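Dropping a structure here in structure tokens format, bear with me for questions.
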Amino acid sequence: GLVIDGRTLEHVLHDSLQNIFLELTEKCRAVVCCQATPLQKSVLVKLVRSKLKAMTLAVGDGANDVSMIQVADTGVGISGQEGMQAVMASDFAISQFRHLRKLLLVHGHWCYTRLTNMVLYYFYKNVAYVNLLFWYQFFCGFSGTSMTDYWILILFNLLFTSVPPIIYGVLDKDVSAEILMELPQLYKI
């Protein structure tokens, strides 16, 4: 791991040392920046996002972390003694730092699988409907005749685009939470 303080970080964030610093951080399992100013935190996150082309997660618990949380791809605010500013600026809020593991490993995995399956669902739903309209136009000689009444089309879209995502979003859990917590390797898959 690498531990760097705010004064050293100020020198590193200048253009001449950025590439060396990023090469060093890529070789470390963890990088901890302590005593950093809010501006340094946000510049560091921007630097990692732009130069390393990596997705960033910022975790903070106070007002001094707001800019870092807003710059990151995903921001997590911890509600605590330092106030609610970080929570208000974040994408997700947790009450204690120890809940971050469950947020990432369990809910992150479930959200990813649900989103990918729903994208496929919408794609195939629309392909099926457009394909039906396409072949119907052959049947009616490309006259532009509507195959269905508008209220049926509205009901079809309402029924097939609202009910399945709600049911799927609530009920689908491809792997149980206990297994996801025990095997963090599943997150990479």
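Glycine residues also receive a Cβ, built from the backbone N, Cα and C atoms like all the rest.
Pulled these features from TrEMBL for this protein:
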type	residues	note
DOMAIN	87-188	domain 'P-type ATPase C-terminal'
TRANSMEM	119-138	transmembrane segment
TRANSMEM	150-171	transmembrane segment
For the transmembrane segment (119-138), what are the same-chain contacts with Cβ under 8 Å, counting residues 6+ beyond its ends?
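The answer is 144, 147, 156, 160-161, 164-165, 168.
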Which residue counts does DSSP yield for the domain 'P-type ATPase C-terminal' (87-188) in the helix, strand and coil classes, in that order?
78 helix, 3 strand, 21 coil
